[in-house]
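These come from TrEMBL:
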TRANSMEM  A:31-50  transmembrane segment
TRANSMEM  A:70-96  transmembrane segment
TRANSMEM  A:103-124  transmembrane segment
TRANSMEM  A:130-152  transmembrane segment
TRANSMEM  A:159-180  transmembrane segment
TRANSMEM  A:186-208  transmembrane segment
TRANSMEM  A:215-233  transmembrane segment
TRANSMEM  A:268-290  transmembrane segment
TRANSMEM  A:320-337  transmembrane segment
TRANSMEM  A:349-366  transmembrane segment
TRANSMEM  A:373-393  transmembrane segment
TRANSMEM  A:399-418  transmembrane segment
Amino acid sequence: MSAETQAPAAETSNGAVAVARAAVVSWKAPIAFGVFALLALVLFVLNPRAEAETGFRLSTGRDFIQIPDLIVPAFVTGVIVTIALFAIALWSAILVRQRRKTPLWVVIVFAVLFMVGFLAWAAAGETVPVPGLLIGTVSLSVPLIFGAMAGVISERGGVVNIAIEGQLLSGAFTSALIASVTNNPYLGLLGAAIAGLLVSFVLGAFAVKYFVDQIIVGVVLNVLVIGLTSFLYSKVLQADAATLNSPERFARIDIPVLSGIPIIGPVLFSQTIIVYVMYVAVAVIAFALFKTRWGLRLRSVGEHPTAADTVGINVAATRFWNVSLGGAIAGFGGAYFTLGSVGAFQKEMTAGMGFIALAAVIFGKWHPVKATLAALLFGFATNLKNVLGVIGSPVPSEFMLMLPYIVTVFAVAGLVGVSRAPAADGKPYIKS
Amino acid sequence: MASPFPHSRCACTRSGRRDAAPRLLVNTRTALLPPPRIGNMKLELRGITKRFGALVANDHISLTVEPGEIHCLLGENGAGKSTLMNVLYGLYQADEGEVLLDGEVQHFSGPGDAMAAGIGMVHQHFMLIPVFTVAENVMLGHEATKTGGVLDLDAAREQVREISARFGFHVDPDALVETLPVGVQQRVEIIKALSRDAKVLVFDEPTAVLTPQETDELMAIMRQLRDAGTSIVFITHKLREVREVADRITVIRLGKVVGEASPEASTTELASMMVGRAVDLSVDKEPPRLGEPVLVVDGLSVADATGQVHVDDVSFEVRAGEVLAIAGVQGNGQTELTEALLGLQPHVKGSITLDGREIVKRGVRKILDAGVGFVPEDRTEDGLVAEFTIAENLMLNRSTGEPFVRFGNLQLGFRDDFAREKTKEFDIRAQGIDSLAGRLSGGNQQKVVLARELSRDLRLLVAAQPTRGLDVGSIEFVHSRIIQTRDAGIPVIVVSTELDEVSALADRIAVMYRGKIVGIVPGDTPREVLGLMMAGETPAGAGEAA
């Protein structure tokens, strides 16, 4: 059916551009800006904190160049930020009146300003460790980013990968077990990738070969992996945790020179091997998806499988092996839980990260780099909750717990424009 | 998008429609030069048989296409033409028979094999990926690469430019396919086939989505390709095109070859061969007995959720006892217009009055109750519930009250009696009223839809593409019911992309182009004028009939 309607749809859009532009202009951006500006007014200006000053720590102890802490007056900062936020909201409203879109950088500036104001208010009397906040962001984002890469590859090929959660978890479990037994974290990484691969084999086989509903297979796989790893954890790993669940963690590797740069250095260039692999993976996928034969064919089976078939591309095989590749990547990312951060496997330790990764895929419009940025945003929201929990904030901790998920909902609800999925995403290709 | 017409320099975009005539000259001129020989190949199909369950789609079909000829495969919808070509292209495996190229038996296990052997296909529904550029679409499947599998896009662009220049196509290799007009997309399909050195080119119903002018251009391209040595198989059910371009004609009916015909054969001869009996292609109708205007549309605009305007400030009226046909190439706002009439479109401005009462934003239920009958253009998606029986489908829009429903209970006895009566009246051929609608042939499905709509008290009938994909017998039936409805004093709006149908039915014709009505002209307006209007040209003296 889609093939039938595609051509005329394209025709119409081409024609309609000439006819008239947008009778419907979205008021989403100015309304959202307005709400947040009001929130800023209520919190920062009408409810000022007793403490007068807020510190921002900009260096870690190990930095080559030490920058002194930045101390700002909490109330004045709040007032300035609030005024700026209202100004942006107003400008955005004017843009909409003129039937123009709010550019993305305005959204980013708004978000950063709000964050500065919020931190100045919430951490009044304390010092916000900015590098710590960002380092934690990267840490928490690593599995999200690997998961998002798995999702991008799989969905670009037309298979919805709900099983990212299961792939991450199987990777975490397997890497802990293998790294502990062999005393070699590299073998643990390999095992994690294979575990993710095996989970995605099941997804691929059912979704691509047997046309089973992809969402259902994915959900069932998640439940299966959670059950299986929890069972093995209780019955096997815990029985002999010293030999089976105490993997050697990867050490941080400082990249010479780069790791000495203030703020950025410790955040990006003093990380474990898994994170460096992640940088390479994102770059390679972003390039390969759009510039290589592999990427062209993968996208073609996700957009219009019949067209791919008629030029001799094996749709089923392309989908199956790319879902598998995605699974291996997600499994690899799962190893970060055990070999990169925590140092041991725990029950359900992925805690829904696979689903947030899926949200990052959508928020990132199925683009590897944008999905990575989205994952970083979610990671930041999670870590902000942690950091404010430590320094103590006036916002109830229950609200802070909601933060990452609220960010996810707002992001996916399309604040940054409509996402357009690959046309055949989630649709099995059944040859008649 | 930087410019509203990203490819406006390309003479073949709709904006450049006025260049159509001079460009044809250019084409002819290039054809006069000795064209480069693409290659010769003789194609033979011997005794091809393809069954789908009990249905024999192709029954021992044999066919020979000589090098450098345009061979037409003429047959009704459902005669088995596309099945045959899908066998040839390796998409289906034949149960019996063989395909020979230059006398050698071929075994195609997929389209890749067929393409490698030199067979190219221009599909009815374009096999192009809308979000890819032209170059990417052309290279897909046989990509030129540099080291590491990196795409050599420059090579692909060069290939597109080269082929495009050879045939005077004017296709920009970096244009996104979804931004191109349909006619240009079709050229991309041709380039795609030629880039793989196709020696036999199959066109599957290529004119279904084209304006008459674009059709003429396509014919010129086909002749040019033939003169360059390509063998062409042209699948169609349109007699006019066959007679214009074919060197030889093979007619198939119900999966069998009925015989060969000469291009000199008359339209009626060809039609009777195709259908198996004498066919009267004209529709008998009396002059309309016009009554009062029943439907008045004033300044109607329809936009979609993204703000794209699909119907742009359209005004017209329909009087009792007349058929207003809305002509135009597919996708120029007809779908949105008919859906707006039924209240299915959310972003509507302007006014629609039925019997003097405003129906914009009244809701579909109320509009149906006001007496609007609707035959949607996609009967399997929107006209019927495929998993419901005929009886259930016949009462689909009457589920709100008596006589079909009493105190929330379906009146099954009444429903079944009604269904039996209607299947008889509308000659719906099925095992019984309990047959699933999805299992019926296209013609019988459409009869179910018509039976449902025409058995209510109507004040207006809106029929969108009422005969698309139907066999000739069903087309005749649908046309006669539409004329009967008109003669009963009910105004009818028929949306059609087929000019033959428009001319046969219409008392007045409104032509839509890019969401606007270009003009409203009398029903006997010549095809050529309508063709120009479908490309956006305002006719001299338009609006007189409005």
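Positions of Cβ are set from backbone N, Cα and C atoms, glycine also.
Nobody curates TrEMBL annotations by hand; they come from automatic prediction.
Listed as Cβ neighbours of the transmembrane segment (A:349-366) (distance under 8 Å, sequence separation of 6 or more from its ends, same chain) are residues 143-148, 150-152, 155-156, 161-169, 172, 222, 330, 334, 337-338, 342, 372-375, 377-378, 404, 408, 411-412, 416, 419-422. Counting Cβ pairs under 8 Å to the transmembrane segment (A:103-124), the top-ranked stretch among A:31-50, A:70-96, A:130-152, A:215-233 is A:70-96.
Same-chain residues lying 6+ beyond the ends of the transmembrane segment (A:186-208) with a Cβ under 8 Å from its Cβ atoms: 150, 154, 159, 161, 163, 166-168, 170-180, 214, 217-218, 221, 225, 247, 274, 316, 319-321, 323-324, 326-332, 334-335, 338-339, 428. Here the transmembrane segment (A:70-96) has Cβ contacts under 8 Å with residues 25-27, 29-30, 33-34, 36-37, 40-41, 43-45, 48-49, 51-56, 58, 102, 106, 109-110, 113-114, 116-117, 120-121, 124-125 of the same chain, all six or more residues outside its ends.
Residues of the same chain lying 6 or more positions beyond the ends of the transmembrane segment (A:215-233) and with a Cβ under 8 Å from any Cβ of it are 160-163, 165-167, 169-170, 172-173, 199, 202-203, 206-207, 245, 345-348, 354, 426.
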